[in-house]
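Feature annotation from TrEMBL assigns domain 'Tr-type G' to 8-277. The annotation GTP binding site is assigned in TrEMBL to 17-24, 85-89, 139-142.
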Amino acid sequence: MSFLEEIQRRRTFGIISHPDAGKTTLTEKLLLFGGAIQEAGAVKNNKIKKTATSDFMEIERQRGISVATSVLAFIYKDKKINILDTPGHKDFAEDTFRTLTAVDSVIVVIDVAKGVEPQTEKLVEVCRMRSIPMLVFINKLDREGKDAFDLLDEVEQKLGLHVTPMSFPIGMGYDFQGIYNIWEKKLNLFSEKSKTSITESIEFTDVSNPELEKAIGEKAANTLREELHLIEEVYPPFSREEYLRGDLQPVFFGSALNNFGVKELLDAFIEIAPSPQPKKSEERLVDSKEEKMTGFVFKIHANMDPKHRDRLAFVKIVSGVFKRNSPYLHVRHGKNLKFSSPNAFFAEKKEIVEESYAGDIVGLHDTGNFKIGDTLTEGEVLNFKGIPSFSPEHFRYVNNADPMKAKQLFKGLDQLMDEGVAQLFTIEMNGRKVVGTVGALQYEVIQYRLEHEYGAKCTYEPLQVHKACWVEATNPKNEEYKEFLRVKQRYLAKDKQGQLVFLTDSEFTIQMTLSKYPTVKLHFTSEFK
Ligand code: GDP
């Protein structure tokens with residue numbers, strides 16, 4: 001297979017959903033189709049449940065599972081599929097945002113009964129802002145749920161999407177009979193048997209065919225005809241260009257648990273979903289078909305064994321071919337590195353590979369060289385964009401609880417922040433450290449890991465912060481900016497990149513500051529240039 005064919009056949013995507021909508025179940029069924037696993041239940045659920053908060057061994061165990069399921073790759077109909085895992089738990093939303101910088105498209109899973117839930121809203125918003133192509137899967141049709149049209153409305157209104165149904169359910173819950181596949185013009189009937197085998201589908205290019213009554217009964221046949229007619233009038237026809245631009249989202253219905261509608265989803269997906277996309281760097285747009293290798297780190301995972309403190313850095317290859325033992329430029333450090341054992345991911349295993357292509361993910365063993373966002377190239381100085389930090393939700397001072405272990409504490413904090421567990425801010429005035437997180441759970445994870453991996457102890461102290469705002473001075477030399485720095489000095493801090501951050505205590509403070517210092521801009525993300 002040629003270099004270009006290898007790249008064209010790759011489909012790298014993430015599945016996003018609110019916890020419990022069925023992401024794990026769907027992932028597992030997709031893997032079954034790829035022949036990557038033999039039986040259901042092989043994919044571990046890597047959800048970090050709320051109940052795990054006080055159970056650290058549980059957190060550790062789950063961290064282990066999440067390494068294994070970080071990337072799931074398999075071949076289906078000659079396409080190389082890479083599924084990137086995205087934690088659904090809201091305390092790990094940052095992790096998911098970063099993973100979304102490495103996908104070329106997304107499947108959104110929605111529970112037919114619960115409809116659009118908060119975590120789905122947040123994640124879809126990020127995808128929408130980046131114009132990532134999205135496909136929607138409405139799950140659990142075997143259960144009583146919302147009316148399909150109401151649900152489509154809800155998806156449009158709450159998620160700000162433009163949808164077009166590619167399949168449509170016949171009945172629901174107890175009366176669920178199956179799905180009409182608008183895309184392939186086929187009828188798929190649901191039966192108990194379909195749980196264990198791939199269902200037969202019946203070709204129905206014309207739904208006015210009286211055979212339809214025989215298949216699903218007169219009442220359901222008439223309803224389906226009316227509904228399909230309505231769909232044609234209300235929703236735009238599917239257009240791949242619009243989908244790829246992020247302007248139109250095709251919707252599929254099914255039941256992941258019953259393996260129903262999943263094959264149809266996968267078949268449509270491999271046909272319409274994009275191969276590896278070009279990516280913006282600060283310097284230029286990099287095309288996946290360029291022969292020179294470029295890539296960036298979007299995730300770092302610490303080793304589970306505290307005695308071996310090496311880490312696994314996950315690199316998305318943006319262009320070219322990544323080769324084992326080839327020298328690559330680590331752009332931020334300006335030095336060349338070689339990797340003798342790059343890991344590729346296959347189903348739930350990882351193995352050492354000689355070559356990986358644009359679109360693939362490689363896992364590189366790292367002893368502290370990498371941090372999230374780092375770029376690797378064959379020599380060109382490039383910095384990929386799009387891994388911003390967002391304002392954390394929680395803020396606490398961190399204190400050293402063991403004066404003999406100050407060095408270990410700072411090293412530990414430094415490395416945990418490079419992994420993206422949380423954000424560290426240093427108050428300008430007194431050098432105190434503030435840890436900002438998305439969820440309260442991370443504070444316990446940090447404390448636990450500092451102790452077990454670095455031998456350091458910390459305590460926290462509350463700090464009243466509403467939002468961290470990244471400061472941009474449109475005129476850094478003027479008196480106004482100097483006054484801002486003077487007046488607000490108690491609340492100014494540097495993030496790990498050395499960017500200036502204003503730790504505001506309320507929305508009111510933000511508004512007052514903006515009106516008092518018009519040349520100062522406040523941003524809720526670190527990447528605003
Ligand atoms: P995740 O949190 O999004 O990964 O959700 P899971 O895949 O773990 O599913 C959550 C629960 O919903 C589990 O108990 C699944 O068995 C169940 N589930 C998933 N898909 C379906 C479905 O199609 N029908 C029904 N009835 N239950 C489902």
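The backbone N, Cα and C atoms fix where each Cβ goes, glycine too.
Caution: TrEMBL annotation is automatic and unverified by curators.
These figures come from a predicted structure and were not determined experimentally.
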Segment-level pLDDT (mean, integer) for the domain 'Tr-type G' (8-277): 84
Filtered binding-site residues, from S17, D20, K23, T86, H89, L141, whose Cβ is under 6 Å from an atom of ligand 1: S17, D20, K23
Listed binding-site residues (K23, H89), ranked by Cβ neighbours within 10 Å, top entry: K23
Distant-in-sequence Cβ neighbours of L141 (GTP binding site), under 8 Å, six or more positions away: V112, P169, M172, G173, F176, I179, F253, G254, S255, F260, G261
Secondary structure at D20 (GTP binding site), reduced by DSSP to three states: coil
